[in-house]
Amino acid sequence: MTSDVLQLTCDLIARASVTPADAGCQALIADRLSAAGFACEHLRLGAVDNLWATHGSGAPVLVLLGHTDVVPPGPASDWASDPFAPQVRDGVLYGRGAADMKGSVAAFVVAAEQFVAAHPEHPGTLAVLLTSDEEGDAIDGVRHVARLFAERGQQIDWCITGEPSSTERLGDLLRVGRRGSLSGNLIVKGVQGHVAYPHKARNPIHLAAPALAELIARQWDDGFESFPPTSLQISNIHAGTGANNVIPGELQVAFNLRYTPHWNAETLEREIVALLERHALTYTLAWHRSGEPFYTPEGTLRRVAREVLGAFAGAPPEESTGGGTSDARFIAPLGAQCIEVGPVNASIHQVDEHVRVADLEALPALYRTLVERLLV
């Protein structure tokens, strides 16, 4: 017999919600949560669906945060089975979103239903927040909802994000923060000319090389708590016409910083602009701020999560701030303590994405235990 969480996960996977599409996932979830007594509010913006569902009232406010969108699967022929036709083989569920993160979303729903059935008059507020704009631009999703919450004065005390955080077994890692992310697109201007007459041209590659070398060599910090040191990586670089006898007129450089709480986007931007100015470059520089770092220090949420995950996994979890960004970066500035707890992440964004059925079926109890420890 198929378990409730497995069936719901399959129903969600079958809805091909490639970002920013939701494909009916949130309507299905809202129907279930409404039937369980949750008040559901749809906060759609443009092509993005956002769902805010609450049960109870007052403080403390505990939010289960997730996303219903998925990354594109690529050619279906590369998959062993249709990425949007979920299939269980040898105790493993395959399909796009199985691990990232429709399994966690389904487990949130089942855990929330079970919790309010057992504790209909529970203290505080249990909330579920879902978006279809996590894997894409992340502008009209939780970023937008967080702005609405700030305007409303919506308090959030604790936030559990269901991102796939585990590495080898369910519960072996507890995400307690994330680095900030800042991207820059730099264009260094020169003067195009013939390579035989360099005195009549200005080579932007040569002009920029010392500045780029300084950026790459810089030790930005030594890390922070469990954060690795801030890192700057050049991701793309382009210049030239394709001909080997033409000095290019401009150099294009794309770079990204993943940074610790020692910094914020504004201070990093100032540092880099000052460096470029010292090298007397003629340039333009466009920034994209993906999110500031966040960190949950030792406290109730972190202690409870460590104890619950340790009981489930059989050993205390590693407490980490690694990985990319998540939507928790938009909730943390509201004053919330944020953690991330979810299934094994080995196959996310890959062909034949999958999750162990045993892990999936354990997730609702894991989330329900966290909710009970925090609210009851």
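Our numbering is plain: 1 for the first residue shown, then up by one each step along the chain.
Cβ coordinates are placed from backbone N, Cα and C, and glycine is handled just like the others.
On its own chain, ASP69 (active site) has SER17, VAL18, THR19, PRO20, ALA21, ASP22, THR131, SER132, ASP133, GLU134, GLU135, GLY136 as residues at least 6 apart in sequence with a Cβ closer than 8 Å to its own Cβ. What Swiss-Prot records for ASP69 is active site.
Look at GLU134 (active site, proton acceptor): DSSP puts it in coil. Packing around GLU134 (active site, proton acceptor) is summarised by its Cβ count: 28 other Cβ atoms lie within 10 angstroms of its Cβ, all protein chains included. Per Swiss-Prot, the feature active site, proton acceptor maps to GLU134; the stated evidence is sequence analysis.
Here Swiss-Prot flags HIS67, ASP100, GLU163 as Zn(2+) 1 binding site. In the three-state DSSP reading, GLU163 (Zn(2+) 1 binding site) counts as coil.
Under the DSSP three-state reduction, ASP100 (Zn(2+) 1 binding site) is assigned to helix. With a 10 A radius on its CB, ASP100 (Zn(2+) 1 binding site) counts 26 other CB atoms from all the protein chains. The Zn(2+) 2 binding site annotation in Swiss-Prot covers ASP100, GLU135, HIS349 and is backed by sequence analysis.
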Completion exercise
HIS67 (Zn(2+) 1 binding site), Cβ-centred 10 Å count of other Cβ atoms over all protein chains shown, is 32
Exercise for the section: Sort out for me which one of GLU135, GLU163 has the most neighbouring CB atoms within 10 A, since those are the binding-site residues we care about. Expected result: GLU163
Problem - Shell of the Zn(2+) 2 site beyond ASP100, GLU135, HIS349, same chain only (C-beta within 8 angstroms of their C-beta centre) - result: VAL70, VAL71, GLY97, MET101, ILE348
Exercise for the section: Specify all same-chain residues, apart from the site residues HIS67, ASP100, GLU163, whose Cβ lies within 8 angstroms of the center of the Cβ atoms of the Zn(2+) 1 site, ordered by sequence. Expected result: GLY66, MET101, SER104, GLU134, GLU135, THR161, GLY162, PRO164, SER326, GLY342, ILE348
Problem - For HIS349 (Zn(2+) 2 binding site), the number of other Cβ atoms found within 10 Å of its own Cβ - result: 15
Handout entry: C-alpha spacing of HIS349 (Zn(2+) 2 binding site) relative to ASP100 (Zn(2+) 1 binding site), in angstrom
Key = 8
Problem - Helix, strand or coil at ASP69 (active site) [DSSP, three-state] - result: coil
